[in-house]
Amino acid sequence: MTDSFHCEQIPYSVLAAEYGTPLYVYSQQAMTAALNQYQQAFAALQPLICYAVKANSNLSILRHFARLGCGFDIVSRGELQRVLTAGGDAKNIIFSGVGKSCAEIEWALKQNIRCFNVESLPELERINTIAARLDKIAPISLRINPDVNAHTHPYISTGLKANKFGIAYQDAIAAYQLAATLPHLQITGIDCHIGSQLTDLSPLVEALERMLLLVDKLAALNIHLEHIDLGGGVGIVYQNENVPDLVTYAAAVKRLLAGRHLQLMLEPGRSLIGNAGTLLTTVEYIKHGEEKNFVVVDAAMNDLMRPSLYQAYHAIVNASQTSADELTADVVGPICESGDFLAKDRTIAAKAGDLLLIKSTGAYASSMASNYNTRCRAAEVLVNGAEYKLIRQRENLTDLLSPEKVCL
Ligand SMILES: Cc1ncc(COP(=O)(O)O)c(C=O)c1O
Ligand SMILES: N[C@@H](CCCC[NH3+])C(=O)O
């Protein structure tokens, strides 16, 4: 049974009663279904799907995707450690990010990861130097910034000239030529990632077309690539957005890659986990202000930063049999910031004690959580059919305070 009050066969109210709120709840079947959609749409191209760990890095979730055959896109030593701990195969790990430190590069080389997605010329030199010291050859791909407008929120757009990510398009050929002279690098591919929560397919296809122009120019220079990685970015429905259709996307990619011997890689994050997650929260107070009404809940911007950071919309459903009248209100948390809101001007019927479900919070919610206002990070539960498991226990104050010392 799946309706808005159940996660698979489990009523959200049962989980809230057992584990308390705020609580993140994930549907394992929804994750599997999201991955199946990719696997089926792109079946003819046999892509390596590298789940973007930053979207949700819980170890059980990584284990689930590893078991389903995913590779992983990581951006830090910490994420590498998580994937290995969860049983992911280093040979299917790609390492993105503009600021890889020497220690991170060394560690990743020692683990024999599949590839570094290199974002600058100094990074190329750094990887070559470290690989030489370790007597290794580092497989590298260059992340190219194709200067394509992804038409998404400016904070999550990454493929424009003004963004810090990737190597500028016009510098790409020279960067590959430099890489070809560095003896401890092995050029394996090319990649891009133009932004997140894309609702339109055309920028993704345009980016691929621009990358293929480079692939051809490189081939003419005798630099032959083994793979092309199109990044992530496929948007999900939070409210009523149109989102890219994977079958149409795959067909366009297939047409453009026809006749080429390039292994396809993808780095989806949000589209694999976003709609599989729900954040449960309890109403503390209904507060009638002079200009506005407020539904004050026990979750806050530290649990779900997206509304504060990007004015992002998340649907909110009252899971209690409420007797309250509808009102228009901001749904806010207890944090001492006016920016601490989970919804603005929402029509909602709620009273103190009601259980609210904040939808589409599988991606970039728990992984972006903080301890601001000395709030303990919430617990996480994974549901599979009629079974559920606690996959992260709620933090407690000992967890929070123990790294600190009173030494004055
Ligand atoms: C390099 C890279 N790959 C993949 C992703 C995953 O993106 P998304 O969650 O939009 O699929 C991101 C995040 O935007 C990223 O920075
Ligand atoms: N954190 C963002 C997405 C950024 C993805 C990282 N490049 C979000 O919540 O939508």
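Counting starts with 1 at the first residue shown.
The backbone N, Cα and C atoms fix where each Cβ goes, and this holds for glycine too.
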TrEMBL pyridoxal 5'-phosphate site partner of GLY233, GLU267, PRO268, GLY269, ARG270, selected from TYR155, TYR364, TYR372: TYR364
Binding-site residues compared (TYR310, TYR364) - highest count of Cβ atoms within 10 Å: TYR364
Distance, CYS336 (active site, proton donor) to ARG270 (pyridoxal 5'-phosphate binding site) (CA atoms, angstrom): 29
Alpha-carbon spacing, TYR310 (substrate binding site) to TYR364 (pyridoxal 5'-phosphate binding site), which is rounded to whole Å: 12
Spatial neighbours of ARG306 (substrate binding site) that are distant in sequence (at least 6 apart) but have CB under 8 A: ALA312, HIS314, TYR364, ALA365, MET368
Sparsest Cβ surroundings (other CB atoms within 10 Å) among the binding-site residues GLU267, GLU337: GLU337
Residue among recorded positions LYS54, GLY233, GLU267, GLY269 with Cα closest to the Cα of CYS336 (active site, proton donor): LYS54
Neighbourhood of ligand 2 - recorded positions from GLU267, ARG306, CYS336, TYR364 with Cβ under 6 Å: ARG306, TYR364
